[in-house]
Amino acid sequence: MTVEETETHVILTHPKNPQTQVSILKHGATVLSWTIKGKEQLWLSTGAKLDGSKAVRGGIPLVFPVFGKKPDVEAVKDLPQHGFARDSPWEFLGQTKEEPLTVQFGLGPENVREELLSKWSGNDFTLILTVELTEESLKTSIEIENTDSHPWDFNWLFHTYLQIDDIEDTLVSNLPGELCYDQLLKISYEEKHPVVDFHGEVDRIYQKVSDSKNIQVVALGKPLHTLKRDNLQDVVVWNPWIEKSKGMGDFLPKDGFKNMVCIEPGHVSDFKTLQPGEIWRASQLLFQDELKYQAV
Ligand SMILES: O=P(O)(O)OC[C@H]1O[C@H](O)[C@H](O)[C@@H](O)[C@@H]1O
């Protein structure tokens, strides 16, 4: 069966290879697992809550309408970190295509807990997530519609946790020359290193990175993951390392930081304003490619 729905999950199985699958939790419309011929591409904490009690630690959580906490921004100051989309029950809208295998999920105010919705001045909105699986790629696309009578601002981000073998053998390429806001140092700087490598916690927002720059996660010279963005100007690179991992109750195993890196495409370095009736579209494509340095 290429699309299987249970009460809590939707599972896509590629017709040409039953070991190529994607599993999506309806809570948060969170992609939990994506395998290519049986090889897991995403990292999921063994402590992740999958019962709808909180956002999932791992996979591809969805960040909307705010990235992080913004206590000094009136419209979003009371929202929890990363907003409410990742911690709300989305509606499975069904399969929309056979080739590529495609399904959709929807979120509206009716799906969001009142105590959260009221913290965003109760704006009216519709989110449609589209998930497309091919033999060698996974594409997640979002459509955000302002169904209200007034404009409102938002952030969007795919909080993608990628599986890697060893963080100390891993680097992220094609970011030299890009402006970055370092969330740890709380300063901005131009990336001068030929690659981003990891010897401690890394938490950086690379800003307004051209969509023409594909971001690659490379280990020992081999490209493990390639990310192609469409209309997602910013790229967050995050690894919690030892101390931050210890501080997250649902981050297990505690040395799991060695096997994951978050490459998070989004629109987070400023707020996007949506006019009544306007629809904003963006997507991330994760696929296998050969090594392609576009900037060193
Ligand atoms: O723990 P969460 O709310 O899921 O946030 C996890 C992480 O998300 C992003 O990567 C931010 O840049 C980090 O600062 C934050 O720690």
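Backbone N, Cα and C define each Cβ position, glycine as well.
No curator has checked TrEMBL annotations; they are predicted automatically.
H159 (active site) falls outside any helix or strand according to DSSP and counts as coil. The Cβ of H159 (active site) has 23 other Cβ atoms within 10 Å, all protein chains considered. The active site feature in TrEMBL is assigned to H159 (among others).
For E264 (among others), the entry in TrEMBL reads active site. In the three-state DSSP reading, E264 (active site) counts as strand.
R57 (substrate binding site) falls within neither a helix nor a strand when secondary structure is assigned with DSSP, and so counts as coil. Summarising the annotation, TrEMBL assigns substrate binding site to R57, Q81, R86.
Within the same chain, residues at least 6 positions away in sequence whose Cβ sits under 8 Å from that of E264 (active site) are V63, L157, F158, H159, T160, V235, V236, V237, W238.
Secondary structure at R86 (substrate binding site), as computed by DSSP, is helix. Highlighted here are the binding-site residues (R57, Q81, R86) whose C-beta falls below 6 Å from ligand 1: Q81, in sequence order.
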